[in-house]
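Under the heading substrate binding site, Swiss-Prot lists 63, 64, 85, 188. What Swiss-Prot records for 28, 251 is site 'Transition state stabilizer', and it gives sequence analysis as the kind of evidence.
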């Protein structure tokens, strides 16, 4: 690559660096995007670079595949309803062990390896996430019935003070999605939905979902059907047509929730694409799907 071409690539990022300087970006780092060591390095480098050019990344991570593996090793079969993990007491212990005890620390170490300053948290830290037990309903024989997900929660309140302090001190907060109810009980939170709630509470400019798909497509096997930009109404139409199903539904709910709470745009990118976060933010075309209100 010629020097001029290298300079052109850098200059393309300048308007975006100026536009987003001192803004908060919530990065939801999905468990399926963590399975590749090279991909983990790309994401870590991207986040450290964001911090050094004056953008404030805040990370919420999942860990579904590792939780599933840990459960299977212990003889438990993972169970999901509408993309949400059914969580009994033993499952919750496994979830906390994997998320807080392993994945969170791994992400912090990776960020620090590439020159960043990072701090690992969970929703339990400093009463960060107050949650309540989630009530889930299903349609059966044209009737709405309540199903018990166990110790699964939904966010009631996010206390941003601790995150604000860390961001001001130039740290990258890395948050495990475990909440606490008013009786002090731990609750398992869907990482996508928690990320949307935290993004809204933090007045984040963007929510970026780093996962293992390129974005939202009409046909997951046909890259040419990738949507670069969608509105909420277009998303809802795709759900009605059955083009968005299963585990993607909580992601979309999180996206819409974040937009409803003031986040300006949500982006879904593939963590296995080299430096997907930088390419989505700092180039005109991006590499994933951007979702906006209208």
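Any Cβ shown, glycine's included, is placed from N, Cα and C.
Taking the features listed in Swiss-Prot, we show where each one sits on the structure.
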{"residue": "28", "record": "site 'Transition state stabilizer'", "contacts (Cβ under 8 Å, 6+ apart)": "59, 60, 61, 62, 191, 192, 195, 207, 208, 209, 210, 254"}
{"residue": "85", "record": "substrate binding site", "contacts (Cβ under 8 Å, 6+ apart)": "64, 67, 78, 79, 91, 95, 149, 152, 188, 190"}
{"residue": "251", "record": "site 'Transition state stabilizer'", "contacts (Cβ under 8 Å, 6+ apart)": "192, 209, 211, 268"}
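Across the residues annotated as binding substrate (63, 64, 85, 188), the two Cα atoms farthest apart lie 12 Å from each other. A helical conformation is recorded for residue 64 (substrate binding site) in the three-state DSSP classification. Local packing around the Cβ, expressed as the count of other Cβ atoms within 10 angstroms, is greatest for 63 among the binding-site residues 63, 64.
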